[in-house]
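Listed in TrEMBL:
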TRANSMEM  B:6-27  transmembrane segment
TRANSMEM  B:34-54  transmembrane segment
TRANSMEM  B:60-84  transmembrane segment
TRANSMEM  B:96-115  transmembrane segment
TRANSMEM  B:135-161  transmembrane segment
TRANSMEM  B:189-208  transmembrane segment
TRANSMEM  B:220-251  transmembrane segment
TRANSMEM  B:263-284  transmembrane segment
Amino acid sequence: MAEEIIKYDMPRRGFPLQQEIFGLLTVAVVGAIGYFAFPDDLAFLTRLISITLLVLSLDLVTGYCGVATLGQAALFGVSAYAVGNACIAGITNPLILLAIGAFTGSIMGLISGALITRFQGLPQLVLSIAIGQLVSSLANKLSSLTGGSDGLSGITPAPIFGVFTFDMYSRTSYVFSLATLAVVMVLLLRFVRSPFGLLCRGIKDDSLRALMIGASAYPRLVVMYGVSGIVAGLGGALMAINTGVVGLDSVSFERSAEVLVMLVLGGAGNLWGALAGAVIFQIFEHIVSAANPFHWMTLVGLLLILIVIFAPRGLGHSIASLWSSFSQRRPGS
Amino acid sequence: MLTALSILLDAISYGMVLFTISIGLSIMMGLMRVVNLAHGAFAMIGGYLASYALKTLGVSYPIAIIMAVVGTIIISIPFEVLLYRRIYRHSDALTQLLLTIGITFVIIGLANFTLGPTSKPIPLPAALSGPFDLGFRMIATHRLLVIACGLVTALALWLLIDKTEFGVRMRAAVDNGDMAESLGIRTQWIYSATFALAVGLAAFGGVLGAEMLPIEPFYALRYMVTFLVVVSVGGAGSILGALSASLFLGLADTTGKYLAPEFGEFFFYLAVILTVFLFPRGLLGRAH
């Protein structure tokens, strides 16, 4: 483990901001390929980006801090509802709406983080589920704010900078979401290598030892939860702005479980893994569930079982280690 | 007063259903340290088998229960051998969580594919389907049976775990597997037997509780959280804890649904958050 932290995460010498620029370019290039190769599926790709932000936020708490949570959708959904209500109330500038989403997400993150990270193991898991379910039944009950099971509709944001209107082909939405994702990715790549991010990894690996060097776990985990709330909140805001509707599914338990699967598929504790897992899973889902939603469930289940048995640290890690063993063997043979 | 008594009766019978299903999970989590989210899936399989036995084979209710329990244990054997053995010891909670969610998804998908999305009825015999006069109120006879079964299960399990040779070996295998093995206890066998016990209890509870928690393909996912919460509130591995947690949560849920039905599960989960906060090890959980 220690070796890996040095290998992947320590700021290396070389030109500054290397990883950040690489991240920005990768997201931009892949995004551009998506834009030009699948012009008819931009609505789906836009939705994919908002869920991807939720997976990234889950990676911050689960992958980097080791908090097992099945309630992450609460952060996402509450922000989406807040943005929807703000938009209906007359605040239609998309950038301000994004900020509202991030702010609501951070508040939700701090509150749920303060509750969840008090404990470890089973109580932690159950608290996270209970908070998610509490939010979900409140969303069902407070139908004047959330539209209940009909969903909150009628969200029509103004053009970005007063110029770019949200068109029905989702072109503007897609570029807007992609830009948000790129900015978030760059900031997070920086954030997880910051002293604070490294300390969180230390707490995950050995919280007692972290305490011994003077780093108490609880306040840091709560702050990390706040950051993860910002990312999830941006995802929720994008969902509300782009689709114009917020449904009960955005706070559901199923959503929380699904993003955990995406994270584990790509490999927790690595932002690129989270990104890849989210993209692969959703494209796969898009294709298979179009055929038959129940076969989709069986397939996800099988996939999970296979991952746990054959690639317990995510596909990204397995491919990386296969690659390294392959390239090590080559010169000898 | 009469409303309060009615709520209490419904709460007790609902709580007993929760108890009979969850106690198997509590044993797995407390004694074997496995977070088995697929527990509800086995309860569901039990329900399907009972429905098949009653409606297609036409056997009597007690025989159907026995067939469901035995059948579910037989179905669970390949799962145990191929998958659960990997996660008994030396594995973290996230791995167990993912593997068992995966198993749940597969079972749900297959159940939906082979048996269809509708709920499967478990017809009650005439003796159980009628009402029973308690003097102040009529109660379904079936609910009395559920309460009785819950109490008998609790007593039998307590005797099994605390008083028998098997219970002693089981606790030894769990507390220190290597030591137990060197004393000549076959821990693998003990683990498998405990797993079979837990699955059998799940099936038993699934059949008994089908009136209140109807058997349908999404059963495993819909009530998975509820069972997990009962165990966590009661304290994993404690029979009395699971009993008190089931009754307490049954009361919170039933009261909430009587007095403020539009809030759904809100009061149930509020009660959960408060209890987990006050008793992180569960109401009667032991320190590990």
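Backbone N, Cα and C define each Cβ position, glycine as well.
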Against which stretches of its own chain does the transmembrane segment (B:220-251) lie, if we need a Cβ under 8 Å and a gap of at least six residues from its ends?
7-8, 11-12, 14-16, 18-19, 21-23, 25-27, 29-31, 35, 37-41, 43-44, 104, 107-108, 150, 154, 157-158, 161, 213, 268-269, 271-272, 275-276, 279, 281-286
Ranking B:34-54, B:60-84, B:135-161, B:263-284 by the number of C-beta pairs under 8 Å to the transmembrane segment (B:96-115), which range is first?
B:34-54
With a cut-off of 8 Å between Cβ atoms, can you find at least three pairs linking the transmembrane segment (B:6-27) to the transmembrane segment (B:189-208)? Only pairs 6 or more residues apart in sequence count.
yes
Could you give the residue numbers and ranges of same-chain residues that sit at least 6 residues beyond the transmembrane segment (B:60-84) on either side and whose C-beta is under 8 angstroms from one of its C-beta atoms?
34, 36, 38, 42, 45-47, 49-50, 53-54, 99, 103, 122, 124-125, 128, 192, 195-196, 199-200, 202-204, 206-208
